[in-house]
Amino acid sequence: MKTYRDHYFKKAKQDNYPARSVYKLEEIEKQSHLLFPGAAVLDLGACPGSWTLFAASRVGEKGRVLSIDLNEAGTAFPGNVTYLTGDMLDPGPEILAAFARLGPFDVVLSDMAPKTTGVKFADQARSLELCEAALSVAFTRLKPGGAFVVKIFQGPDAPAFQKGLRDYFDKVRVAKPKSSRAESKEIFYVATGFRPPVPELPDPDPPPLPPDDAAATDGSKT
């Protein structure tokens, strides 16, 4: 198994990617064809930048990639990439301004993952929290018909999250890329055909009462 992992590590170095995780997205892309020239992509949990570089190469000069992570990537990106540091659980004004300037997006990618503690249920709960944060962004920043890819740690709440995705996407499938470690609990939900939530409208004000009825409600006598 170590030799198998080393294969992807060495391949990433040869292909000038900062991390082996790029091959997870590459496999998802080969199966789903999400990225296209001119597309706008939002990459959440982007550090160290492998997914960003891959997406940027697919969307080309006329496309754009907005990448966000808690940490600086330390990677040189092409001109169609904007990389920002910040917390997606509490996005600041710079991130919100970038959403408005560079969105809406054709694809939202989330490779966000918590710092693992070794306590399985706690790690799974934290992973779900990040997935929900990514989905919240997709609700407001993803174009109708767009695609959403999100990493989640398998756990008792993951199927319910997947089921919820089906309320807003035409198709949702589970991906476990070959480059993922066999012992890893991570999987990816690949959702396509976004249907934006319909905003709930407030109840309309009741029509005014006729004069006689209005007087009766005031306790007036005729």
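Note: Cβ is positioned from N, Cα and C throughout, glycine not excepted.
Listed features, source TrEMBL:
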DOMAIN    17-194  domain 'Ribosomal RNA methyltransferase FtsJ'
BINDING   Gly49, Trp51, Asp69, Asp87, Asp111  S-adenosyl-L-methionine binding site
ACT_SITE  Lys151  active site, proton acceptor
REGION    194-222  region 'Disordered'
COMPBIAS  196-211  compositional bias 'Pro residues'
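The Cβ of Asp87 has fewer other Cβ atoms within 10 Å than any other of the binding-site residues Asp69, Asp87, Asp111. Note: the Cα of the residue listed as 'active site, proton acceptor' and the Cα of Asp111 (S-adenosyl-L-methionine binding site) are spaced 5 Å from each other. Neighbour list (Trp51 (S-adenosyl-L-methionine binding site), Cβ cut-off 8 Å, at least 6 residues apart, same chain): Ser21, Val22, Leu25, Asp43, Ser67, Leu109, Asp111. Within 10 Å of the C-beta of Lys151 (active site, proton acceptor) we count 23 further C-beta atoms, all protein chains included. Around the Cβ of Gly49 (S-adenosyl-L-methionine binding site), the same chain contributes Pro18, Ala19, Ser67, Ala73, Gly74, Thr75, Phe77, Tyr83, each under 8 angstroms and 6 or more positions distant in sequence. Note on the domain 'Ribosomal RNA methyltransferase FtsJ' (17-194): mean pLDDT across this stretch is 96. In the three-state DSSP classification, Trp51 (S-adenosyl-L-methionine binding site) falls within a helix.
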